[in-house]
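Colleague: Sharing a structure, written as structure tokens. Questions coming.
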């Protein structure tokens with residue numbers, strides 16, 4: 001998923017430039033489902049002998065408990081075991097790379113950085129060999145092509161733009177013409193997407209003032225950056241400068257281990273919810289409420305994303321690799337890739353999608369949105385073009401997936417409409433009900449702000465209820481859009497239902513609501 005890009009007058013007093021630009025949409029993530037046994041529906045059974053007095057809304061409490069217990073026995077244990085088998089080697093290799101770099105850097109004279117790059121490259125290759133097997137050869141071939149494309153930077157800023165177009169376009173055409181029907185490409189696509197983001201960022205960073213500012217990295221530095229063990233398998237994107245700053249570890253081992261444990265625990269919980277709990281609840285509520293079915297199915301997708309994000313955070317912590325941007329590290333978790341608490345209970349659509357993949361948000365804002373950044377006098381049509389262009393680049397980075405295209409365009413439509421409407425309402429009512437989080441009573445520009453009012457104030461409760469209504473609406477949109485991403489393909493299933501079946505059953509309500517927000521905004525503006 002992506003980011004809400006919108007620029008106008010500041011909602012709050014003294015907002016710095018970073019906060020003004022922070023309305024963008026992330027796309028995406030790598031959605032994997034580990035350890036889910038085949039024939040999962042066979043594990044959820046029962047309830048035929050439930051007593052009638054234990055029935056709530058037509059469903060037995062004992063039936064639900066029985067299904068969850070069966071899921072615990074038949075699904076959770078194999079899921080956790082498979083995840084640990086997948087995670088442990090990656091963590092150990094990241095720790096090994098960190099140890100080797102630390103030992104080498106303690107020499108009296110650090111005459112060359114080449115060994116540090118080689119440590120990263122070697123450990124990254126082993127991780128990819130464990131992850132993708134023989135297909136690693138294809139990734140190395142694509143990396144070699146990428147290094148050749150870097151030579152275009154000698155043309156200056158135009159060379160960086162050509163590099164970006166060729167990098168994104170080549171992956172799109174490669175999948176379209178050759179790999180569309182290959183079952184192994186979807187896994188490689190996520191890895192190659194991160195590589196492409198690194199190439200593009202490196203090109204623009206080296207030609208920031210219109211000409212080549214520094215020497216193009218040598219082969220060792222390039223391979224160490226592209227295949228660093230902290231980011232090569234699951235991401236996220238980090239800039240070349242950030243990679244160089246973290247070549248020599250600085251944090252203590254105790255701090256890293258303290259942060260590593262909660263990331264692994266949350267990772268296990270996320271895969272348990274994704275593979276076992278959410279499918280069981282979706283099956284149980286299947287006959288009662290279509291919204292609940294959509295919500296639990298979408299929760300399975302989101303939890304899969306949380307698993308990947310938390311696993312990637314654990315690898316960053318193990319390698320002592322920091323992230324770009326102004327986002328502060330969490331004392332408990334370290335560098336943050338995703339913020340599930342802001343996704344599951346969002347203030348707005350734009351806030352939840354900004355929290356979906358924070359490094360990708362930073363990449364899109366820095367290299368796609370900022371160069372086309374609209375000014376205060378820019379027309380509304382120009383702003384819309386910039387927003388759609390950013391979403392288009394984000395979609396192309398993910399390769400050919402019609403579901404992602406539909407979700408991203410829908411998010412652009414919904415988030416922009418909500419942001420415009422709430423900004424206009426906040427201005428008319430002088431109330432803190434915009435899509436952005438309130439910065440506190442000292443900086444909020446609105447008189448009717450909950451942080452400035454007491455509990456017995458009417459304006460306090462009106463602002464709270466308005467924000468709560470938009471939160472509930474964002475949760476509905478989250479379920480409506482997320483359920484489309486469930487599954488691996490676009491083909492019609494055995495029961496004849498297409499991947500848009502849930503949208504059809506909901507009457508495309510979310511899209512009509514989005515259209516209504518635009519109409520209401522135009523009416524009151």
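Just so you know, the numbers here start at 1 and follow the chain as drawn.
Just so it is clear, glycine is given a Cβ too, placed from its N, Cα and C backbone atoms.
Pulled from Swiss-Prot, these are the listed features:
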- 398: active site (ACT_SITE)
- 83-103: transmembrane segment (TRANSMEM)
- 125-145: transmembrane segment (TRANSMEM)
- 159-179: transmembrane segment (TRANSMEM)
- 220-240: transmembrane segment (TRANSMEM)
- 260-280: transmembrane segment (TRANSMEM)
- 301-318: transmembrane segment (TRANSMEM)
- 395-415: transmembrane segment (TRANSMEM)
- 467-487: transmembrane segment (TRANSMEM)
- 505-525: transmembrane segment (TRANSMEM)
Colleague: Are there three or more C-beta pairs under 8 angstroms joining the transmembrane segment (395-415) and the transmembrane segment (505-525), sequence spacing 6 or more?
Modeller: yes
Colleague: Answer yes if the transmembrane segment (83-103) and the transmembrane segment (467-487) have at least three CB pairs under 8 Å among residue pairs 6 or more apart in sequence, and no otherwise.
Modeller: no
Colleague: Of the stretches 125-145, 159-179, 220-240, 260-280, 301-318, which racks up the most C-beta pairs under 8 Å with the transmembrane segment (467-487)?
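Modeller: Counting Cβ pairs under 8 Å, the winner is 301-318.
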Colleague: 10 Å Cβ neighbour count around the residue listed as 'active site'?
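Modeller: Its Cβ has 21 other Cβ atoms within 10 Å.
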Colleague: Out of 125-145, 220-240, 260-280, 301-318, 395-415, which stretch touches the transmembrane segment (159-179) the most, going by CB pairs under 8 Å?
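Modeller: Ranked by Cβ pairs under 8 Å, first place goes to 395-415.
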Colleague: Can you check what DSSP calls residue 398 (active site), collapsed to helix, strand or coil?
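Modeller: The three-state answer is coil.
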Colleague: Take the transmembrane segment (260-280) and find every residue of the same chain, 6 or more past its ends, with a Cβ under 8 Å from one of its Cβ atoms.
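Modeller: The answer is 33-36, 40, 43-44, 67-68, 71-72, 75-76, 79-80, 83-84, 87, 91, 296-297, 299-301, 303-304, 306-307, 310-311, 313-314, 317-318, 332-334, 340.
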